[in-house]
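Per TrEMBL, these features apply:
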type	residues	note
DOMAIN	12-104	domain 'Ig-like'
DOMAIN	199-312	domain 'Ig-like'
DOMAIN	343-471	domain 'Ig-like'
DOMAIN	478-574	domain 'Fibronectin type-III'
DOMAIN	579-675	domain 'Fibronectin type-III'
DOMAIN	783-877	domain 'Fibronectin type-III'
DOMAIN	881-978	domain 'Fibronectin type-III'
DOMAIN	983-1082	domain 'Fibronectin type-III'
DOMAIN	1087-1183	domain 'Fibronectin type-III'
DOMAIN	1187-1278	domain 'Fibronectin type-III'
DOMAIN	1283-1380	domain 'Fibronectin type-III'
DOMAIN	1385-1494	domain 'Fibronectin type-III'
DOMAIN	1499-1595	domain 'Fibronectin type-III'
DOMAIN	1596-1696	domain 'Fibronectin type-III'
DOMAIN	1697-1797	domain 'Fibronectin type-III'
TRANSMEM	1798-1821	transmembrane segment
REGION	1865-1887	region 'Disordered'
REGION	1902-1926	region 'Disordered'
COMPBIAS	1914-1925	compositional bias 'Acidic residues'
REGION	1990-2018	region 'Disordered'
Amino acid sequence: MQMNLFISALMPEVIVEAKVAPYLQGGGRGQQVVLEGNRLVLTCPAGGSWPLQYRWTLNNSNITDWTSQYRLSIPSLKRTDAGLYQCIVRNRMGAVMHRRTDVHVAFMGSFSAEEQRKTATQGKAAIISLPPLPSFPQPLVTWYKDGHKIIPNNRIAITLDNQLVVLATTAADAGRYHVEAVNEMTGENATSPSELVAPAMVIGPKNTTVVAGKEATMECIANAREYDPIFCSAVLPLNIDIPCQASGVPQPRIEWYKDAVPLSILANPRYKVNAATGLTVRRVQPGDGGIFQCFARSPAGETQAHTELLVSSVAPTLTFPPSDQTVTDGDTRIVASGSVQVPRFLLLQSGGLQIQPVSFQDSGDFTCIATNTEGTTNASATLTVWTRSVISVPPVDQRVIKGTTAVLDCNATHDSRINISGVAVLSSSGGRVSIRQGSLTISQTWSGDIGDYTCTVTSKAGNDSRSVRLEVIELPHSPRSLTARLNDSDSRSVHLSWLRPFDGNSPLLHYVLELSENNSPWKVYLSEVDPSVTEVSVGGLTPARTYQFRLCAVNQVGRGQYSAETQRMMLREEAPSAPPNNIVASGRTNQSIMVQWQPPPESELNGVLRGYVLRYRLAGLPGDYQEKNISSPETNYCLLKDLIIWTQYQIQVAAYTGAGLGVYSSPVTEYTLQGVPTAPPQEVEVVAINSTTIRFTWNPPPQQFINGINQGYKLLVWLEQSPEDVTVVTITPDYPSSRHTGLVSGLRKFTWYYGSILCFTTPGDGPRSPPNLLQTHEDKPGPVRQLSFTEILDKSLRVSWAEPEEKNGIITGYTLWWEVPGAESSRAERSLSNSTLQFQLTGLTSTTTYTIQVAALTAAGQGVVTSSTISTGVPPELPGAPSNLVISNISPRAATLRFRPGSDGKTAISRWIVEGQDGGKEEPWRVVYQKDNQPNADTLEIPNLTPFTQYRFRMQQVNIVGASPMSATSRLIQTLQAAPDTHPSNLNLVSATQTSLCFSWKPLPESEYNSSPETMGYRLRVWRTDGDGEDRTDDVKGDVGTTEVTIEGLSPWTQYQVQIQAFNSIGAGPWSPTAAALTAESVPSGYPLNVSAEAVSSSRIMLTWSTLPRSQRNGVILGYKVWYDEKDSEGSPKVQVVEGEGNFSLLLGALQKYTMYVLRVLAFTRLGDGPPSNPILLRTKEDVPGPPVRMVFPEVRSTSVRVVWQPPAFPNGIILGTKTNTHRNPLRWTTVEVGSNARQFTVTGLSSEQTYRFQLTARTAVGWGEPQDALVVTTERRERPVPPRKLSVPQDEVESCRLHLYWFAGSSGSCPLRYFTLQFMELPSGPWKTHTADIPHNVTSWTIDRLKPFTSYKFRMFSTNDVGDSVLSKETETVTTLQDVPNEPPVILSVKPFTTTSVLVQWKRPSEDSSNGVLTGYRVYYRELPANTSTLTEAEIQTTKNNTTSSFYSPKTNVCCLFAELKKFKRYQIVMTSYNIIGESPPSDPIEVSVGEAAPSVAPQSIKVSAVSPSSLEVTWDTPPLETQNGLIQGYKIHYWERENQNQSEKVKVIFVPDTRVHLTNLSSYTPYLVTLTAFNTAGDGPPSDPRGARTLQSAPSQPNYLSFSEVTGGSVNVSWGTPLTPNGQVEGYRVIYHPTAPVQGVSKVVTVDVKGSWQRWLKVRDLVRGSIYTFSVQALTVSYGPPIQANVTAQPVKGTPGAPMDMSITKTSSALTIHWSEGEVGSAPVMGYVIEARPSDEGVWDSFIRLLPPSSRSVSVPLERLRSGISYEFRVIAVNRHGYGQPSTPSVALRPFYEEWWFLLVMALVGLILILVLVFALLLHGHSTKYKTCGTGKHTTTGEESVTLDNGGFTALELNSRTLNTKNSFLKKNGTRSPPRPSPGGLHYSDDDICNNYNGAVLTESTTLTEKPTEVSESELTDSDYEDEQPKHSFVNHYMSDPTYYNSWKRQPKGLKGMAAPFGYEECATADTEPYYQTVVTQHSTGGAYTPTGQPAHTHVNPNTNPPGSRTPVTGFSSFV
């Protein structure tokens, strides 16, 4: 199809003006497709004069208002937003419309979810339609069959509508078809549900309509174009034709618009539209100018063209020239024409200028100018503006309440150039009206003031007026004649009618209807009754209830008075209109169902509930119902019995009243519970299929014998000899198959078993099938055991073994192989019989390793081979210990152990054994893992570790000889945390209260925490046994040692199930087994239901109720209590008790007549009363009234009497009237009846001085009541009476609360007495109060009640006659009432078990006022409760109530009471009473307590605390004596703390029986602790023991708290340190180790100095090398050395120290030396002094000689006595400032003695040569009889290391030990002369390591012990002597002592000492190939001038034979060299 659409327009000449009408720009988009949820933006491009305004429409409906926004934006597009959008643009010149844009929303929904099934006839065509799929655009689809894509062919086609057509269908075409659709625009895809073959129908061609430009099967190309706008102009008065033509298929429809308004709406008769030609505008007028649009529309789209019509060629003329005007501001005026465009000025189309509104500033001249192309004209006018006269304060409408004042305000303002006539108020009334300053005031408003009031002002500048309405309103009157009658058509509604009341001049808003139901308080029933009605039907009432109604009207003022109440009426009883609620059925057994329900809503009972009817039948089957009648309304459950097993029943329940049966509930269905199968599986076959598996084959039992849902089968297998050890395999039923198969694997090989099978359901197992005996198949045997080798010779050995542990059959023999590893040709094999267990191998090659293998044989084949290696001629040895243990891959329960195997002992390793030590070093080692038959293993996975536990491991390896020594221990590791594996045990109920349960348990031991104790906790889960409510989970507060918790917030008298679990930060452990517990009985929490009352007579009320819900009973209901009292009574209500749970009614008698009573009912248990029910108000019926009271005659004349009275004290109804009877003659009565409100009456016409009898009688609706008689004398001589006399109270008539008072009446004063008044006073200081005010005048005694027991009173009276009251009588004597029983019992505070047969009771005394006399004492009653109080019968309850025992206690006792007669493990109830001589008080609230266990009364015995290690104590104890345990002791609590720090360090450890020993770990070392123990059981904790103490052992200390350096020079430093922060023991000394950080001249020397004693914490080191950096470390020593503290120091003066002193020189005299110097560089701080250092020639190190000289010193003298003879000295000077020691001066020249001259040395050499020759000759002679001992030549490689030990009081002397070197090192030559070797003096311990001969300049950095230590000595066990004795061979020491006493002290070591040190002793050695070089580096003390601590003497050894222990004795042969 092709469509042509065109518009043509022929327009006249175009005239363009400056103002441009709106025109369109751009063609716009005809269609847009936008994704759903995306943003849509449409623009409206247009031009024209500003301002342009835009409006958008959707489907021709406006969606925006006119705005300046040309863009339409929708942020999130919805599907409903699709449609045709069009914009309209306008300005002042006109309006134009854009072409419409068709907006589509691209989206894709989902296929419908249902699956379709279609059937096709074979050979016919099948068509499968695409399921409904909302989408735009239409999706691309792909069809699939059975998951495979369908490709169209000559038989299968896909139509244009995406239908699948299958021609000539065959059976192969059946299957599941589905389609996948893809939306190309959104990218979404969807898959349809499967369809099964389509129906037999083919698709025919159909008509298709397409739009030009779109693709279709039939192509049609559209050709259309838009026309540009054409402008035309017209010259009046012409006709204009605007042509517009369009063509297309179908023919388009033409529609015209002018300024965007359809011409059809304008309806201008001059506009003629011709469909063929266009639009004709006839008689063009100026108003015809504008934009004309022509729209052509068809289904193919739309197009438009528009033109603008301009009307021109008219010369301007002023048809209405402007004129002068005077206006008032605010008016609107048109004054001129023009083009002004300012605010408030509008140029009208008519040419006028509109000013709106006019203001005072607009006054002036205005000029109008008109112009066009034809000419110009103008005119002027003047505008004058006055200020308008207005009422500035207008009056307002008012509605005032009657009687109040109304004020109407009115004020005006005006222009000062004009006058106003004034303010007038119209319509006034009365003198109550006043006008002041324009305001009208009306006081005391009433209905006559209602009307309209007008305030008017008149002037030239305008007039103004305001009218208001005044309304006077009041409350509406009460509705009248309210009547109620039952509705005949609706038994639940009442028809009310009334007369409309006066509305109070305010329209009635509504009526309020109130009702009273069953005498309950009034409540609003209809709050808004239509005010227009006068009758209403009140529906929704409840049958069988009484109702009373009243009505009031409401207007704007408020609510009026209520109408009179209607008569009370009762609705008829009906059957319940609702079924029972919440019907729940649950199968209880396999033949019973428990049905429970709740009563119907009370509002729908429609009467008194009488009971229920339950009916049931088989579900889904026809048949009659079986019924059960539950005649008790309080019973809300029924157990259906004798039902069919596992059968579904349909159950319904209905309630019934006296009127009939209500509706049945909706049916509920429930199954009886499943039963166990009653038949075993059939045709059971049991066969063994291999050596470890048995196969069962069977048929299921007959279905009728399964009795439930078949849950599966249990395959049972057990050993022939062990029937109790049954292996069970559960098999799920295979329903499709009738024959079932199951396997039981993992059985023992070649073993006899019995096999049986059973079927089971949920309730349990069915019977077993008959057992079958069978044997598993034979299999290959396991490895032989105990493979060993004996008689090992060079060419033979004996092999032995034992039978395999796992024979797996009959052993038929053994196979033995042997071969040389790697030589296959050497393999030999020997088969042996089954009785051979050893074999002699011969013909072997000597000293050759053989692999020997042994395997057992059965009929199934060869078993596992056992292999080992052995060397001939070399017997196997014990293996070596593994080493290098490394732990990795640590998890909570496993770790990987890698190690280096030790030597195998010349045979294969057969087993690896790993031992572990969990916890501290004190814990024993135990085997944690063993691995066999992996001889080459180097890694083991250790399983079954305990989470979060510290472990050390060691291991050993085993071969055929035995086990190796244990390896060194591994590092300490800790396994990761895990959730607890077990639950706390012994979960028991400790006690139960009404709302709580207290449970105890045995906590987990610490070894089972699997985590840190801080993260451990316990959690309890609690739920009701009956399934009501939700499960509760409570976390236990407290630490991990908590053993008890109380769960609060439970329901009383309810069975609960409880479980407990442990948890930590990783997770929770398993739940414990369930423990059941019952909360204690309590008072009911609810009140009886359906309480109703009915007045039976004027003095009796029948009260009925039903029982309270079971969930609110909280115990056994013993009965009910009815509270009743008169309404508004201030006293306590009266109580009547109804015994028995099944009694639900009570007849109350002896009530006051026609009295409103408040009635409530409550239930009670043995523990007390529940809450009362909601109060019911009920009035007894009316009766005849009592006599009027207080009848007096205040006015008595001779002929008249005025009688005054009060209504009867007991009106017994509504008093309708009173009658007065008067007579002088009893036979002639004068009767007068007065109204009900009359209280007095005057009787006239009497005779003077006569006695008359007056009789007053009141009347109610029932009749006349009792009369009141009185005599009166008609006389005027009257006076007040005399008071009563001789008031007395006989003592024998005094009771506890009342007494009898007697008196004599006084004179009446010629006027009869009317009554007496009695007053009383309570002694000692109470006020006088009136007790009775109307005692009859004719009595002389009265019973006074309402008195307090045991209280003293006084009484007095006065008389009253018609004249008035008498004076008061005399007071009586003091009267004291008798005692009465106490009102209150004591309050029991607590009851606790004291022993196993006694309890401790504490109570609070009752108040003094409640004693009612002298309190004699207290009674405690206790009774044993039955074991299960939840099942007590009423008879048992009564028996229990009477079975009590009492004890008596003094009233002064209020602390405790002890019973010793109770039975163990029983529960008792205890109550208390207080009593006096009269009787007992009511009992207290009962308290229950369990007896049998009490807290232990004695602490544990024989407590011993001893130290085990530095961090643990061992505590042992004995249990308390048995008679003091008071039950089963559960465990002990150990409280321990540091003696000096209890508050911060106290901890508790809980130990459970039977342990009586505990290790307290993680303690502080060498710290005193105190320990107390407490035993506990379920009843609580016993008393603590006395504290016992012990101190933990010492351990290694911490590092010293600081390390500092001072006096640093180039060769020395003073080191000081602090004490350890935690010494962990007694500090025995310190060890100082220092070494250079880098080798010094190729040597790295480590020096160790041991300082004994704790007081010296400094060391002077003098052997440093200048400029080198040294590392110092210091360790403290207790039982072992602690960690070191380290610091570095550089051996040179620090920055800022002084420079070297200058000009050093020495002068010598005969007695002294004088040292001279001059000052050097000062440094950065002033010099504080000088230090002189000296270096003796025999020591070689610099030492302090003089310290500290003043800073001004330049010389110092030294006496020669301070110098040692024969020693040469060098001196130097060092300056000191605050930074430290400075650079030393240049050393002085050494002063040498004579024996150092060359000539002396030559002489000495000759003498020495002679002596050597003599010595050699003597040795040669001695050599014939003495054999020299030679020494080995082995060398040990080590770094140079020195060790020195300082005794307390000694000073440091340190030297470098001599070393034997094979090369001459330049460093060793620097100190010149070699000194002979000397042993260490006794005051020092040292260690020395040799430097290896082949040192070759390498730096040695590790020290090696030269002497092997015993292997069993650990590192921590080494002592100082060990270091001393570990000396290498050929080791010597040079040491020089300053003390001359040592010079000649060298002697040979005694034999005894040498023998003791034999393992580490010195050996003489003759070595010819080495030359010793000796290096001396000394740190030494000089006795003169050296730094000596105050009070510490220099320590020397005078006697060489008294060396300190551990020191070395000098070796003979070494002498002092001088």
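Backbone N, Cα and C atoms are what each Cβ position is placed from, and that goes for glycine too.
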Spatial neighbours of the transmembrane segment (1798-1821) far in sequence, C-beta under 8 Å, 6+ residues away: none
Tally of residues which DSSP labels helix, strand or coil - the domain 'Fibronectin type-III' (579-675): 3 helix, 49 strand, 45 coil
The domain 'Fibronectin type-III' (881-978) in contact with the domain 'Fibronectin type-III' (1283-1380), cutoff 8 A, at least 3 CB pairs, sep 6+: no
Taken over the domain 'Fibronectin type-III' (983-1082), the model's mean pLDDT: 86
DSSP-derived helix, strand and coil totals, residue by residue, for the domain 'Fibronectin type-III' (1697-1797): 6 helix, 51 strand, 44 coil
Residues in the domain 'Fibronectin type-III' (1499-1595) grouped by DSSP into helix, strand and remaining coil: 7 helix, 51 strand, 39 coil
Residues of the domain 'Fibronectin type-III' (983-1082) by DSSP state, where helix covers H, G and I: 6 helix, 44 strand, 50 coil
DSSP-assigned states of the domain 'Fibronectin type-III' (1283-1380) in counts, ordered helix, strand, coil: 3 helix, 46 strand, 49 coil
